[in-house]
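Pulled from TrEMBL:
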- B:C304, B:C387, B:C404, B:C445: [4Fe-4S] cluster binding site (BINDING)
- B:298-481: domain 'DNA primase large subunit C-terminal' (DOMAIN)
Amino acid sequence: MRSFYQRLFPWRQLFQWLNHSPTPTNDFGNREFAFTLQNDAYLRYQSFATADLLRKDVLRLMPSRFEIGPVYSTNPRDRKTLRNSSAFKPLSKELCFDIDLTDYDDIRTCCDKATICNKCWQFMTMAIKVVDVALREDFGFKHIMWVYSGRRGAHAWVCDKKARSMDDQKRRAIANYLEVIKGGSQSGKKVNVKRPLHPHLSRSLDILKTHFQEDVLDVQDPWATAEQAEKLLQLLPDRNLNDSLRRKWEAAPGRSSTSKWADIDAVAKTGASKHLDSRALLEAKQDIVLEYTYPRLDIEVSKKLNHLLKSPFVVHPGTGRVCVPIDTKALEDFDPLGVPTVQSLLAEIDAWKGGEDGEEGDDKSKVNVADWEKTSLKPYVDQFRTFVSGIIKDEGIAKVKREREDDSMDF
Amino acid sequence: MMRQDHNRIDPKRRNVVDYRKKQFATPQFKDTQYPHRLNFYADAPTADITLEQFEQWAIDRLRVLAELEACSFRNRSPAETTSHMKPILDKYLPLDSNSSSNTKLFSQRQKDHYSHFILRLAFSSTEDLRRRFSRVETMLFRMRFNSDDLSERSAFVSSLDLDWWEPVTDDEKIRYAAELAAMTSGKKMNNEDGTWFKVDWERVPDLVESRRVFLKAGKAYVPGREQSSMVVAEFTSRLERQLELTARALPRLDEDDRLTPILNHLSKNFITPDSAYMSGSTAPAGAQISAANIDNLSQHFPACMSNLHRSLRRDAHLKHYGRLQYTLFLKGIGLNLEESLMFWRSSFHKVTDDTFNKEYRYNVRHSYGDVGGDSNRRGGGYSPFSCQKILTEHPPGPGEAHGCPYRHFNLENLTALVQAMGVSDRSVLQGVKEDKDNQKFHMACNRVFEHLHKAEIKKAKDEGIMTSNQLETIVHPNEYFKRSYLLKNLGKETDVKMEG
């Protein structure tokens, strides 16, 4: 673990990401970091002037993980020396989203709790697609990074300047705009949306339709048993229709969810119910698709400016996997179980050295190769670097503009 | 020669006026006219009023605001609030439209204007007061804005000169026709729907939150009928900014001792209808509140806590907000910290000691104010949640059991729960259903309470043990417990008294 933070962790890129400029600013210096130590003590309000100091402290304390909080109005370490407490308040933080597969436990059949597999990871793929497109198209955000959380979820960091400086009210507005699945374990139907569907929802529904057929009906087979099928029936509006469906399915046990889903329309057409409201049925079916595919956000993370979230590239203490960024362009190919772990990465460094010895001639390039470039972490760090330079570029343009305005002011 | 500052008065002209003349000189400022019924309260009033008027106008406005706040605490719908407020407004703070033939328009508007500013002075001193003041003033403004008639409203809006929205061009209307059509629900296809405004989405967070606007690249397309929301948001943000400034200027208020006592008096009288549970963590006399006794006591719990208790016993686990809501309730009925830790430890019997100590112990201690920041420790942790809080904050998500069953359950599950609590009477169940449909969750809960304690309430009333004051509507889960416990133990208590 120590060698990971010593040799592999991309400190410089992390610094640039949070600092938004090459020279240290308050964006980094007044930023809160929180360490979870080996004995599970939780150390809040740490702050560092530069990436080197952060690195030094991480190596000294060897936290099992560390989290990133907001930029405060003053240095978090000095917060107790201030005369009035209101002078210490959070100013800005990336807008964050947290999606966790445990929230899908009532609809996934392959795994539960902390375990995941590639089947249920598809829920995450759909969720990222829906949220990402909404943030980009609806809200106009550009710098969005998705990060695998190391075990069973993913985080989004929206890093646009506008997003960072939003207050709690605006964060809450976005979070609720995106939240569709509401209700506790006892509230029954969890999707209750107005008709006609909001453009965001009809777009989401378009994205999710095929996933529903393939990844939910085929793969998860959520209504295989009679008991599970009862859950489906409870979401349908027409009692007579439900009765005939129930009879049909009892007669043929082991019918797959795909067929059962098709049965709904087939039976409805035969006129099993005289007063069938075909529109209500269609809407109920849409709601079911949403309930089984729409992203389930851990909304509290997004609502508050001062919420902390695990930093990218930290090692997940339980699995040993590195929290790597997810490439949204190749979202479908992302394999959470194939993400490099600390052990595999360290082994790769050793192997790389061995490999280099065998070849001859490339001595010059060998001198300046960083350790992470020798491993399978490289594509992820490269991706992170591109992402960060994108932010800095935008930030730079804004800054130059401001300077120019200042120039014109004095004469 | 030195450059002159424009704001500086020429030294030769300074104080030419004799102070006696100055006091009675004609004012420099223009007298305020009130062309519109509504007011953004941008300029402070300048004319003279008597001290009696000062006090009386403030008190009248305060009555209105206090009543308005009470409406929101009782969870009244906007329509109900409007009808409830109408007589009160007519009595204390009437405000007629230009078209009405009322001759007192000016004095009405003047009173509205002055009273607003007086209260602004009175309520700018603390953060809490400022927040409450801007909240109720916004409610009042919204109510009036919505009741204003159409032509006067648009005249008022255009007089505001708000530059942050632009009309949507026909070109854009055609391009996003399908999306915009989805925003106008089928019924309301009337005249106002033709107009659309384009604003930065940050200007209308509440519309975004409830998905009532179409968003594209950070711009919100707001239908004409939602204009009020934008105006109201602007009203609030301006008022908040102004209150902040007032608060800063307050210490320097050039004032003799005539106004300050009135202002202090006013802010003290802005009482909240008491939805907080005041009596702290005292257990009812004679009750044995311990970890081992919770199962037994749970018969006195309201539905929300009863459900949490059942979920906890069934799953041996509760999620975060469930734990928080339940811990604070238990704290409120008098369970002390040690017993509470013991209760949670034994209830989470599926987890190891280690996990419990790491993940749950701290939260329980935090709720009791045993750990945490200075203010948390000094304040003894959080206070138990009121119905208001449970109903409005943090609705339960997947797998969560907190919240109010009357609100957050569907009817079937609610009926099952209420039946499990011992209600089998059909008329009561029907009543609960109707209350739920009308969103009168308090009523449903009190209905169940009254049914479960029918005999005892009658006895208590007949024998005059509890006054009807003590039996008014329950708005706090801990009150539910306390009253239930007292009622069920009526006989025992009186026995004790007789012996003594």
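Note: Cβ is positioned from N, Cα and C throughout, glycine not excepted.
Quick caveat, the model's predicted, so the values are computed rather than measured.
Those same-chain residues not listed among B:C304, B:C387, B:C404, B:C445 yet with C-beta within 8 angstroms of the centroid of the [4Fe-4S] cluster site C-beta atoms are B:P302, B:A303, B:I390, B:L391, B:P405, B:Y406, B:R407, B:F441, B:H442, B:P477. If you average pLDDT over the domain 'DNA primase large subunit C-terminal' (B:298-481) in this model, you get 87. Scoring each of the binding-site residues (B:C304, B:C404) by how many neighbouring Cβ atoms lie within 10 Å, the top position goes to B:C304. In this structure, B:C404 ([4Fe-4S] cluster binding site) belongs to neither helix nor strand by DSSP; it is coil. The DSSP secondary structure for B:C387 ([4Fe-4S] cluster binding site) is helix. The number of other Cβ atoms within 10 Å of the Cβ belonging to B:C387 ([4Fe-4S] cluster binding site), over all protein chains shown, comes to 25.
In sequence order, B:P302, B:A303, B:C387, B:C404, B:Y406, B:I474, B:Y480 are the residues near B:C445 ([4Fe-4S] cluster binding site), counting only same-chain partners six or more apart with C-beta under 8 A.
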